[in-house]
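J.: The structure follows.
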Amino acid sequence: MIKSADYPVNPKRPSTNKPYEHSFGLAALLITILVILSMLTRIALLIKSASAVDFTFINLFGIFGIGLFYDLVNAVYFILPFMVYIWLMSDKALKKNWQRILLYGIFSFFIFGLLFNTVSEWFFWDEFSARFNFIAVDYLVYTNEVIGNIRQSYPVELIIIFLVLVTAGFVYFLKPLIRKAAGSALTFKSRSIWMLGYLLILAASFFLVSNKTRQFSENTYVNELAGNGLYELFAAYRNNELDYAQFYQKIPDAEAFKTIREKIKTPESHFVDNNPFSIERKIINPGIEKKMNVVLISVESLSADFLGIFGNTQKITPNLDSLATHSLLFTHLYATGTRTVRGLEALSVGTPPTPGQSIVRRPKNEGLFSMGRVFKEKGYESKFIYGGYGYFDNMGYFFKNNDYEVVDRKAIAKKDIDYENIWGVADENLFTLATREIEKTIKAGKPVFAHIMTTSNHRPFTYPNGRIDIPSHTSREGAVKYTDYAIGRFIKEAKTKPWFKNTLFVIVADHCASSAGKADLPVNKYLIPLLIYSPGNIQPAKMERLMSQIDLGPTILGLLNFSYTSKFFGYDIFKLEEGRERAFISTYQSLGYLRKDTLIILKPQRIAESFLPDFKDGTAKETPVNKSLTKEAITWYQTASFQFKNKLMK
């Protein structure tokens, strides 16, 4: 029990110029602890990423100088509830026993929260090489999956026990300062003056400070280190939705659509009408339509550099490497983003990535023109088959309302699951489910378009034991090799089925395993593999032209000789004239346009930048802005945003 003797009985009114000698000194203590922990976190992350950081004086000054600024701004937000509490507590109130106990409890809670955040930042950086961002905001939404993933990946209970002990040590060490400050409350007038000064600083922080100040270096790691994790988390939450017209460079809508209609026209297409704001066109492919089954496998986090066919020497994709030699292999395909929902957006509705969240997760995303609709109109049954629960990332709702039947984890009986983690069942069980669904549709007399989304190549990298030579829960490489095993097993089984000879197997990644690099948009972190495999129907070859993930849908439809009405932004790469290739790569805010060895990046505050990217190491050299290509980039992104906002994608 805390005794009243711990506090002065008749203290003199403290001087207001000694922050640790009155009740507001408790807030000063929290600020000091927050800044120290933030700096230690920054140093630890700097050491962890030393090989990717350019150690120049300017960079180090920015990392620690700008970093300290953000730490202090974050502290201003962080102590708000504590400041209100201290402002309301009089000298008499603070001396009550229950208030003293509550004070120690509140102080302990705040310190534990800071320590927990420090550990969380370390693990988040280990996964994404970045401060908290939109991904962390998503994690706060899908707490069940995320907490489950964390518990399966790390010794959470031991970490919490350790943090509790450290918190107790902190509070014990600081007890004299806490006791002295808490026993010396200011008058209400003095407290109000302090509170008013604090509120002015809080308002200035809110209205005058943004997370743009840290963007001082060409090295993305340096900029990330100069930030503060908690501050970036709330900044990401505030900027979750970005209106292109409000934040990005634009041209008149009429001019943008006149240009996009010129850009999107291809030899096999013509516009259905003269509506200047429409991209709807009739695609005419000569020859007899091939009513082949289509099995599209989008593989979780399958970077191109995992495959031996792309130069990897670890031999972790033997099945995919073997399939590649018998497939149509695309060697320069770029993912549109860094999240599964962004990849699914590109593969299903064929639109460039728009700022903020993927369309998959946005409201009013029903009834969009999609691959599911095209196949449905051709007499197919379109299915989205997923090893996790469809509610995650709104995937189930999106596909169900855009002409797909959704088949997810709920369709698999417990007895048929060899292994599962928080993200979903093992990929081998997913493919067993897919085989069952494919055969059910074919037996009903319909061709099938099955879009399968895998989950095993995801932290905590767990899978059934005994399948491969890398133990479960040890490395990303193990998860890649297991997914490769599961795909190989699925193809091997499919070869025994009568429908195999009339099936197009398409294997592509949703995004790369990591998007972090020295550049804002490192192009090598968006390169993904694409294999189209169908012995007797597709001749093995290499397609080395630049290609976007949004081009996959139209290209598949072209290989089937389908004629259809299209609202896709993508091209059939085999019908596109040489020299017109382009790709889109993005984060939630940076919109990249890759064309003719130049990367244009559009950013909020109407910023446009031009770079010559190194396609091997992902670095980029800034160049004078290429006005022609910048206008092209604006045209694509502005019209894509306009189409969705004005319900023209339906």
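Count begins at 1; order follows the chain as displayed.
Cβ atoms are placed via backbone N, Cα and C, with glycine included.
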J.: In TrEMBL, the residues GLU300, ASP510, HIS511 are said to bind Mn(2+). Which of THR266, THR336, THR340, THR474 is said to bind at that same site?
T.: THR340
J.: Give the one range among 101-125, 154-173, 193-210 whose Cβ atoms make the most pairs under 8 Å with those of the transmembrane segment (20-40).
T.: 101-125
J.: List the residues in the vicinity of the Mn(2+) site, defined as same-chain residues other than GLU300, THR340, ASP510, HIS511 with C-beta within 8 angstroms of the site's C-beta centre.
T.: SER298, VAL299, SER301, LEU302, ARG339, GLY343, LEU344, MET453, ALA509
J.: Report, as numbers and ranges, which residues of the same chain sit near the transmembrane segment (193-210): CB under 8 Å and 6 or more residues beyond its ends.
T.: 16, 24, 73, 76-77, 80, 83, 87, 186, 235
J.: In angstrom units, rounded to an integer, how far apart are the Cα atoms of GLU300 (Mn(2+) binding site) and HIS458 (substrate binding site)?
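T.: That separation, Cα to Cα, works out to 7 Å.
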J.: Across all the protein chains here, work out how many other Cβ atoms are within 10 Å of the Cβ of HIS458 (substrate binding site).
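T.: Counting Cβ neighbours of HIS458 (substrate binding site) within 10 Å gives 22.
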J.: Can you tell me how far the Cα of ASP510 (Mn(2+) binding site) sits from the Cα of HIS458 (substrate binding site), in Å?
T.: 12
J.: For HIS511 (Mn(2+) binding site), write down the residues of its own chain that are at least 6 apart in sequence and whose Cβ falls under 8 Å from its Cβ; none is a fine answer.
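T.: In sequence order, SER301, ALA335, GLY337, THR338, ARG339, THR340, ARG342, GLY343, TYR526, ILE528 meet the Cβ cut-off.
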